[in-house]
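> Here's the feature list from TrEMBL:
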| type | residues | note |
| --- | --- | --- |
| SIGNAL | 1-19 | signal peptide |
| DOMAIN | 30-122 | domain 'Ig-like' |
| DOMAIN | 229-318 | domain 'Ig-like' |
| DOMAIN | 323-410 | domain 'Ig-like' |
| DOMAIN | 416-502 | domain 'Ig-like' |
| DOMAIN | 506-589 | domain 'Ig-like' |
| DOMAIN | 600-694 | domain 'Fibronectin type-III' |
| DOMAIN | 699-792 | domain 'Fibronectin type-III' |
| DOMAIN | 797-901 | domain 'Fibronectin type-III' |
| DOMAIN | 905-1001 | domain 'Fibronectin type-III' |
| TRANSMEM | 1031-1052 | transmembrane segment |
Amino acid sequence: MGTLVEPALLLLLWQSVWALDIPLEVRQPPTIIKQSMKEHIVDPKDTMVIECEAKGNPHPIFSWRRNGKYFNVARDSQASMRRRSGTLDIYAKNNPEQYEAEYQCIASNEYGSAYSNKIRLQLYSKEILEPVVVSAGLPLVLSCDPPPGPPKPETYWMSSSFPTMQAVRPDRRVSMGVNGDLYFSNVLINDSVADYCCNARFPYKNVIQQKMPVVVKVLTTRTVAEAAPTWLSPTGSSSSILVLQGEELLLECIAAGMPTPRITWTKDGEDLAVTSRMKVKNFNKMIQIPKASFDDVGEYTCAATNRLGYIEHTITVRVKAAPFWLEKPTDLILAPEENGRLVCRSDGAPRPTISWSINGEPIETADPQPNRQVSGDTLIFRSVSASNTAVYQCNASNQFGYLLANAFVNVLHATPRILGPRNELTKVIEGSHALLDCRYFGSPVPELRWSKYGQGNLEGNRFKTHSNGTLEIKRIRIEDQGTYLCIISNIAGRDENQVRIEVKEPIIIVTKPQSMKVMRGTDVRLECGVKADITTPVTTNWLKNKKHVTLGWRISLDESNLVITNVNRGDEGNYTCVIKNELDQKSASAHLMVMDRPNPPTNLELSDPYERTVRLSWVPGDSNHSPITGKMQYDDDDWLPGKWRNLSTYPGTLNSVILHLAPFSYYEFRVIAINEIGASRPSRPSTRFQTSGAPPDVIPKNLKGVGTWRNNMEISWEPLTYREWNGPKLKYLVWWRRRDSREEWKNATTKWLKYYIYDADTFTPYELKVQAVNDFGMGPESPVVIGYSGEDRPIAAPLNLRVSDIESTQVTVHWDTVTRGSIMGELKEYKVYYWRDSSQLRWHWVNRAMKSKSFPDDVPEPSGTVTNLIPYSNYKMYIVVANNRYEGPPSNSIHFSTPEGVPSAPTSFRIQQRHLDSIYVDWDLPAEPNGIITGYSLKYQTVNATRGEELRVEEFPPNTTSFSIRRYDRYTRYRFSVAARTRLGLGEWHTEESPHYTTESNLLLSLCINTIGLVENKHFEDQVDITTQGWFIGIMCAVALIVLILLIVCFIKRSRGGKYPGTTACSLDKRKPLKALSWPAMMKRSDSDDSLVEYGEGGEIPFNEDGSFIGQYTGTRRDVRELDFGGSLELHSPMNTIYSLA
């Protein structure tokens, strides 16, 4: 085999090839400018896109071949081709597998046809995977089968256990193979998770394909059997790998076994020498060579070892080469009668064969042309003509691949032209290289010449003209500033273009930032002084670890200097000051070191497990220049996920400690490093660990016995926490016996937190104790406690219930206790039941709701006080005895009456205006008279008067409930307070202020409301205030008018004749209004026209034999109409309204 051409030589050959840039406005054959990769992998759920773009003049027409045959896109309902493009869009909703094929795009115009690579379309599908069941200790392989490349997708595995999902971390036991499969050298119980899922990422598409998840169930056994090493990948004792030169070479050896085997490597019988081109990865299980060469050929041997055995596997590596370009054919622009050649040089192992095609047709079958000749890898043209214009394809192939290149030959006659912008201004920095572009086109190829100010020819020394027309000036100076002229010419004509150069001073950093080491929380200033050309403004940028610094309230710029306040660990790094303008850029760097909290420890491992201990080891994190102390935390099953508790603190010099733990518990550990600045972040948790079991150490708490029925007892206690079980199948052993008896202890075992004893005597004491029991033994017994069986209903009632010290609102109660035996349980209390039977005012309605009050039996002579009684009322009462469950029978009821008290506030207090110069007030009886009402007191005083009128007090008899006062003016307001009185004194005051009365309409409204008040007071004994019901004023006035008409008819009827001579309730003295007759005085009873209140003030009223009132005949009663109260005091009757309306 010949020696292959090295890549450095390839670069030189490629650089020597040059062709003119052809403007698109020039007529030319097609050129493929964009196409999909040869191996094209798509997801059938998405739109499948096969790209093909080309340029040419005229614009090309596109067509496709599928598996070497013409593909009629227009007749396929699930495929379409984009407008003015060859890109295929396939919407394969039905049977997408039919589109898995080899596709080739053809772009054609009248000058030729260009062909794309053959694109192989592959689908990536998912299949449903059945759960995998495996016993602990055995090996396991989970298949991934990712789609092939190129490029090869990146595969990784994820495991999920609700509610988290995380990447599978490889270790000595768990590996991800080169083929994407997941290998377990031996399976542990912790490997049982909800599912494992393989993911394939395609970098060139930035797309991730996910395989259906697979569930792994691990069966546990009492002991895990050890096993000697066996190969999982590759299998057998030998294998071979063929790799192409320049491609990635991956050698892996994954072994199964218990304990996990260790892997070592040799090459050609000697220890493997790891070079810079080679990486040993995946815990020594894989060798990676990014770019394979012929030096990597040989025999590689991997060995797997554990304490039960040793095995070897030999991998033979062969290196071949797919075709690669040495010189790729490029487009030719030729004038008629010119000569030219297309060169197609390639190499490979084995050496590739070269074939030529014209517009996709093999050159052997194309029309022969005498001026065209194939000479090995070169196609030669002599004295070309328009018939030689076409697109030529070169195919270089061997058994490992192929190369396809399109190059057109365009025969035309074109005047020279300069392409691109004209008369440009170019600014350059002194001492740099300047490149002046002059892209041109013409046929034949024009001659090119550069000059300064149109004089001479610039070539040699610091000036160099490149074949594409660019003028390079090396180490430019200030004197090089000026105007340069580019001139091109051929037999068809000439063209020229000017380029002007300005030379600027370079940027110089005069003050560079200095490296420093600071404490966290201090302020830092990184200086960066600069000198630059005054005509070109500069900008300052700061980079941290090659990334732009984000400015904010803590990081700011002071001119070109960077200021960082309150630095923290995240501010540490390499800072670079970048000064640049439109032409130049300079930078200077410094390192900032921040003393901060330590980094968290890593690689936590558990070893040496015993009944209640385990050894924990870790790798300490960076101390960040401060001594470390360590703190241990743990998490167990008693806590919610993420809840950690502190275990212990250790010196920072340790990296391995023995931990003392509780039995039969699952633990996870993490370590926190601490220095004088603070604590690190917690380490990653250790693997889950379970301690072995032991008998319980804890006594159940809060043991008690309580009866729930008369002949049983419920024994209960608090449960042990799961961490206190110390073993599986926790139960409780309960012991009991009668107190002060010689009987043996009885016991029972239960898994519940209660146990019931039946057929017990009522309220009998028992001795109780309890202890916890698991599969490893019995725990300590609890102290003996006393419990009682159930209680029954008391059989006796307290005797001799009596009261004393009767007051208006409270009374003292006395009773005789019952015997302990009749309580049938523990005495809880004596409870008195009482209720208000009636009021001593026969007409007053009362609420007979029953109330109660409890009294503990803690005094020799039991008694208690019942409060919150209502004065002047008749009460009934009885008493019972109660234990913790029942009340006993009631005692005999007793009766008692409370004396008079002071009354509550009068109700329905109203303020009205009947005339423009007077205010009228009235009220009703108190809700609770609490005795016999003997009168009312009224206080009033002006509110808004400026002369400060004194407070006035008026006293009224019990049958007077209204009052009238004359105002000084219509704007004067009053504050009124009214209270009722019994013989014990005044009761509560009711206070209100008069509203604003300023118009006649207010007067009429007040008059209407006053009339409604007549109807309300008719049923005052029911204590109902109708004005509070929200009726509309108009409806109220209508009702009042009807009532007045009925009253007038009644008065007229009485005036025409009655039962008795004299003045009746309906008679009127038309010569004089009834000034002192109030409505309560007229209608005090609802079932008789005669009223007791009219004939006295609470005294005895004599009766005749026929039942009529003596006072009506004798005239001994003083008529209220004859009273004279004087001043502005005026007592009103309902007839005042009638006279006002008249």
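Just so you know, the numbers here start at 1 and follow the chain as drawn.
Including glycine, each Cβ sits where the backbone N, Cα and C put it.
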> Between 0 and 100, where does the mean pLDDT of the domain 'Ig-like' (323-410) sit?
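Taking every residue in the domain 'Ig-like' (323-410) and averaging pLDDT yields 90.
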> Under 8 angstroms, Cβ to Cβ: which one of 229-318, 323-410, 600-694, 797-901 has the largest number of such pairs with the domain 'Ig-like' (416-502)?
323-410
> Looking only at the domain 'Fibronectin type-III' (905-1001), what are its DSSP counts of helix, strand and coil residues?
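The domain 'Fibronectin type-III' (905-1001) comes out at 2 helix, 52 strand, 43 coil.
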> Within the domain 'Ig-like' (506-589), how many residues are helix, strand or coil going by DSSP?
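So the domain 'Ig-like' (506-589) is made up of 3 helix, 43 strand, 38 coil.
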